[in-house]
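**Student:** Shown below is the structure under consideration.
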Amino acid sequence: MTSGLSRKFAVSIERWPIAGAFTISRGAKTEAVTVVAAVSQGDCTGRGECVPYPRYGETAEATLEALNAMQEPLAEGLDRAALQAAMPAGAARNALDCALLDFEAKSSGQRIWTLLGRPAPRPCTTAFTISLGTPEAMASATAKAAHRPLLKIKLGGDGDDARIAAVRKAAPESELIVDANEAWTADNLEYLLAACANAGVTLVEQPLPAGRDEALARIKRPVAVCADESVHDRASLEGLRTRYDAVNIKLDKTGGLTEALAMADAAQTLGFEIMIGCMVATSLAMAPAMLLAQQARFVDLDGPLLLARDRDGGLRYDGSLVYPPEAALWG
């Protein structure tokens, strides 16, 4: 890399077909819309991928606009530390934060974990997601994945007790995480948690809507409960201690790996178990999270497995085992 060259910045929207459909309590989709940021100088390019999430008021177009607004600061030498204050947490900052990290690694010729003073990541077992559907459809999909050690089951509220029972019958040996995506209510919370306990579920993600989850502090929780939509960055951790046992850290929520690493350390200090999650996206979005996965109790980085095809040079998946990225992909 020639130091006299100015940095260039490019942003693009990509669309990746999903294998079938991906259905949660808020609806179904047949493609993953991602935004990719690329920071380059000379022959060195760093990339980062994010997934704008409508639940948080994000769109691909607005994310593109927010990133393009960073052209001038980047040309003037914006670094990751300054980026944390220059952009709010969210998908756009995630793409740029990860692109800058990748750029740092590639321009130095070292792996990013070495630059960050972290141990080299090891392969991890990822959850595999079963989309929301009828109990019969979910049982059928689960039976095909019953060889996997960890399954994540999307739930939707009414009828979830039947879904839980059907899935457990179809995969008697798999460890189960269920994810209600805010679809339960204070009225059915204890009943459905008991159904989960009876089925041997290990973890329940975000049963109640964010901001309306006070009931979790008032009941005895027979299954560990994990915050997802209720937690975004370090600032949101302290208020969740009486309601949740674990937190789901996603780069698109924290605004990148820089904040996510700090958040994971803070969460563990407060006594939370760590789950590393993802949106449906390509391996470029999963790769940075492999650094976080090393300190997580639960790893959910199956996004590429849900696509009709992944990008070239993607992560290696061997069944449910996901391997750290090659340098050409990221970091």
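Placed from the backbone N, Cα and C atoms, the Cβ positions cover glycine too.
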**Student:** The Mg(2+) site in TrEMBL includes GLU205, ASP228. Which of ASP161, ASP179, ASP265 is also listed there?
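**Tutor:** Same Mg(2+) site in TrEMBL: ASP179.
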**Student:** Can you name every residue in this chain, apart from ASP179, GLU205, ASP228, with its Cβ inside 8 Å of the center of the Cβ atoms of the recorded Mg(2+) site?
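**Tutor:** Filtered neighbour residues, in order: ILE177, VAL178, ALA180, ASN181, VAL204, GLN206, CYS226, GLU229, ASN248, GLY277.
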**Student:** Over the domain 'Mandelate racemase/muconate lactonizing enzyme C-terminal' (135-226), work out the mean pLDDT and round it to an integer.
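**Tutor:** Taking every residue of the domain 'Mandelate racemase/muconate lactonizing enzyme C-terminal' (135-226) together, the mean pLDDT is 97.
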**Student:** Let's see if you can do this one: DSSP helix, strand and coil counts over the domain 'Mandelate racemase/muconate lactonizing enzyme C-terminal' (135-226), in that order.
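**Tutor:** Summed over the domain 'Mandelate racemase/muconate lactonizing enzyme C-terminal' (135-226), the classes give 35 helix, 16 strand, 41 coil.
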**Student:** Counting across all protein chains shown, how many other Cβ atoms sit within 10 Å of the Cβ of ASP228 (Mg(2+) binding site)?
**Tutor:** 23
**Student:** I want to check the contact list for LYS154 (active site, proton acceptor): same chain, sequence separation of six or more, C-beta distance under 8 angstroms. What comes out?
**Tutor:** THR23, ILE24, SER25, THR129, ILE130, SER131, LEU132, VAL178, ASP179, ASN181
**Student:** About how far apart, in whole Å, are the alpha carbons (Cα) of LYS250 (active site, proton acceptor) and ASP228 (Mg(2+) binding site)?
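**Tutor:** A Cα-Cα distance of 8 Å.
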**Student:** What's the number of neighbouring CB atoms sitting within 10 A of the CB on GLU205 (Mg(2+) binding site)?
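**Tutor:** Looking across every protein chain shown, the total is 27.
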